[in-house]
Amino acid sequence: MDYTFQYGQVWPYVPYLLKGAWLSLQIAFLAFCGGMLIGTACAAVKTFGSGWMRHGVNAYVVFFVNTPQLVQIYFLYFALPDMGIFLSSYMAVLLGMTLNAGAYLTEIQRAGFESRRQSEMEAAEVLGFSRWQQIRYVILPHVAKVLFPPLSNHYILMTLGTSMAAIFGVEELTGRAFNINSETFRSLEVFSIVAVIYVVVTLAASVLLALFGRFAFRAKMRVV
Amino acid sequence: MSELADLLTYYNVIFLLKGMATTFALSALGCILGGLFGTALAVARLTTGPLTLPLRALALVFTEFFRRVPFLVTLMLCFFIFQFSGLDVSTFTVGCVTVVLIGTAFLAEIVRAGLQSVHPNQWHAAETMNFTLLQTIRYVVLPQAWTVILPPAFGFFILFIKDSALASQIGVIELTYVGKVFNNRGFSAGVSFGVILVAYFMLSYPLSRLGAKLEKKLGSSRTR
Amino acid sequence: MAHLELDNISAAYGKLRVLDGIDISVGSGETVGLIGPSGSGKSTILRVLTGLLKPEAGQVRVGGEPINFDKPAEIRRLRDRAAIVFQQYNLFQNLTVLENVMIAPTKVRGRKPRDVRPEAEHLLAKVGLADKINSYPDQLSGGQQQRVAIARGLCLKPEILLLDEVTAALDPELVSEVLDTIRGLAEDGMTMLIVSHEMGFIREISARVAFMADGKVVELGSPAQIFDAPEKERTRDFVGKILRH
Ligand SMILES: Nc1ncnc2c1ncn2[C@@H]1O[C@H](COP(=O)(O)OP(=O)(O)OP(=O)(O)O)[C@@H](O)[C@H]1O
Ligand SMILES: [Mg+2]
């Protein structure tokens with residue numbers, strides 16, 4: 001392989017790429033927050049809800065968890081217009097990622113709710129805690145500690161997942177890589193730089209999340 | 001509905017099934033080869049001493065890199081590397097290399113966590129009897145760790161079925177690509193991608209049920 | 001000449017200093033007992049002697065040769081000569097009793113299973129487990145596991161045997177069985193360092209006894225001295241409390 005790397009041509013584009021990375025982070029953040037709202041509501045329904053509501057939530061979760069996000073977004077972006085619903089590519093991606101996240105976060109949170117330890121609850125009861133005090137001092141801290149690591153993990157996966165927005169023409173990090181590639185044709189240079197940006201960004205996010213998790217919830221978290 | 005009937009001709013169904021098979025093969029290959037290489041990486045990371053430091057560093061960089069770069073970006077990197085290397089390989093091969101690289105990184109972490117779940121006492125006992133690292137892992141640790149490794153590895157396999165949808169971007173004729181072909185042949189996006197979503201579901205859902213059963217069974221059985 | 005010598009050994013877990021200038025020597029074929037309160041560092045001494053914990057200072061000598069703990073080859077040599085029976089048994093959970101005993105001689109030393117098997121069966125019979133050779137560790141009682149661990153150590157044909165609380169988990173009947181086994185080894189001239197709370201046994205079997213507290217050897221002497229006429233206040237305290245029980 002006699003390929004000579006010429007990063008010189010691509011360097012000037014780095015600030016442009018970083019702006020794309022910022023957009024990636026925004027998409028991931030918005031989709032995660034939306035997903036958390038859906039996920040918390042659905043997990044609550046699954047834990048406490050009535051029969052038919054649980055079935056509804058189950059159908060939603062099972063469907064989204066067992067199909068690819070990419071095809072879900074294809075459907076939203078290309079099929080909804082036939083029904084008179086027009087979404088911009090950005091909105092289609094955001095909506096798809098949010099719905100997808102909602103399903104996964106439902107599963108993660110339900111597992112967290114279920115991990116409340118019976119013995120702890122009993123201990124709290126014996127100590128004479130009120131219902132609210134039990135939630136405040138026993139259940140919440142425990143659930144937060146158990147949930148934080150898998151939620152952080154999912155957030156990182158979602159940050160990586162935003163790259164499929166490029167396929168719909170959203171100019172986030174990967175999208176901008178495709179743009180530069182078609183201008184300069186320095187494909188390997190562009191995509192290797194982009195890869196490194198993803199590594200650095202997600203590594204930074206992992207470190208911050210692990211520090212926060214340890215500090216706030218005494219969650220056991222490792223970065224590497 | 002009549003459109004759906006039009007789509008489901010004999011040849012289209014065969015095409016669809018082939019796409020399903022390719023999707024399945026892609027993630028199976030990624031998990032089987034990735035599992036082998038990943039185990040090697042996991043073991044490399046457990047070595048001690050200055051001699052194997054480069055090995056450890058390499059294993060660390062590999063796993064962290066491929067777990068923190070989006071599928072799409074890794075795919076493009078592989079695609080362009082093959083293109084510039086002048087090797088005339090099929091897009092399917094490029095897809096395979098991509099899934100193996102990513103599978104290796106993720107499974108290395110799963111295997112490493114599994115190995116570390118075996119009580120340090122077991123490692124120490126083997127150590128004091130002069131087992132080498134490989135002997136310890138082969139005779140003592142892996143036989144105890146596989147019940148811990150298998151469920152998340154299987155979960156990753158199911159996840160990979162959906163992630164590999166991105167391979168359609170370089171023209172690998174897997175399930176998502178089949179949907180795009182249907183769409184290009186004039187079928188509406190709703191029907192084309194709807195059928196694909198159902199096909200993914202039929203692939204992923206039974207496997208995820210199997211995975212849940214597996215987890216339950218292994219979880220309740222003892223280490224043998 | 002002393003078979004096994006610890007010369008001014010200090011060791012720590014991270015920052016926690018656990019051994020502080022330990023001097024003990026065990027003559028060839030001699031049995032030395034190690035007693036002391038929980039947490040005094042007895043198990044840690046055995047960890048050092050099996051190369052699981054590198055001493056911070058001091059020297060370990062086997063047959064007069066100092067062990068360099070930075071050299072893996074020397075640690076392997078040390079482990080070939082000294083076998084340990086752990087306080088928590090540490091049997092391999094995935095292997096049967098017989099496999100547990102046979103695995104190191106066959107896989108590590110490369111001996112033929114057909115040669116090792118009779119030896120393993122003989123040893124297991126000697127510790128009273130002839131009928132359990134195909135059981136798994138989690139199907140055995142604590143005392144049975146303990147005896148498997150002893151057989152496993154012996155099947156390596158060590159020159160030196162390090163025993164950590166081998167009777168701690170046993171009921172009185174089994175204790176006498178295990179102690180008989182160890183007594184037999186002592187008569188055969190095995191060099192042994194034995195950690196135990198079983199004062200009667202330590203007294204009977206040991207040529208010399210070391211009393212440890214807070215990572216130091218407080219007093220080292222004949223069983224008669226340690227148990228009947230301790231010189232140090234700390235020893236008298238400990239022995240007095242134990243014997244009154
Ligand atoms: N793996 C470890 N990491 C950190 N500290 C340890 C470890 N193992 C033992 N210690 C500490 O080292 C000290 C000595 O422990 P050691 O196990 O040697 O005591 P011991 O004399 O064998 O006690 P026992 O009679 O209870 O078995 C204790 O304070 C203990 O807490
Ligand atoms: Mg101990």
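Yeah, the Cβs are placed from backbone N, Cα and C, and that goes for glycine too.
Remember, TrEMBL labels are computer predictions, not curated facts.
Taken straight from TrEMBL:
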type	residues	note
DOMAIN	A:21-209	domain 'ABC transmembrane type-1'
TRANSMEM	A:20-45	transmembrane segment
TRANSMEM	A:57-79	transmembrane segment
TRANSMEM	A:85-106	transmembrane segment
TRANSMEM	A:154-170	transmembrane segment
TRANSMEM	A:190-212	transmembrane segment
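The listed stretches are A:57-79, A:85-106, A:154-170; of these, A:154-170 has the most Cβ pairs under 8 Å to the transmembrane segment (A:190-212).
For the transmembrane segment (A:85-106), the list of distant contacts is 27-28, 30-32, 34-40, 42-43, 46, 57, 60-61, 63-65, 69, 72-73, 76-77, 151, 154, 158, 161-162, 164-165, 168-170: same-chain residues at least six beyond its ends, Cβ to Cβ under 8 Å. Long-range neighbours of the transmembrane segment (A:57-79) within the same chain, counting only residues 6 or more positions beyond its ends whose Cβ lies under 8 Å from a Cβ of the stretch, are 42, 45-46, 49, 87, 89, 92-93, 95-97, 99-100, 102-104, 106-107, 161, 164, 167-168.
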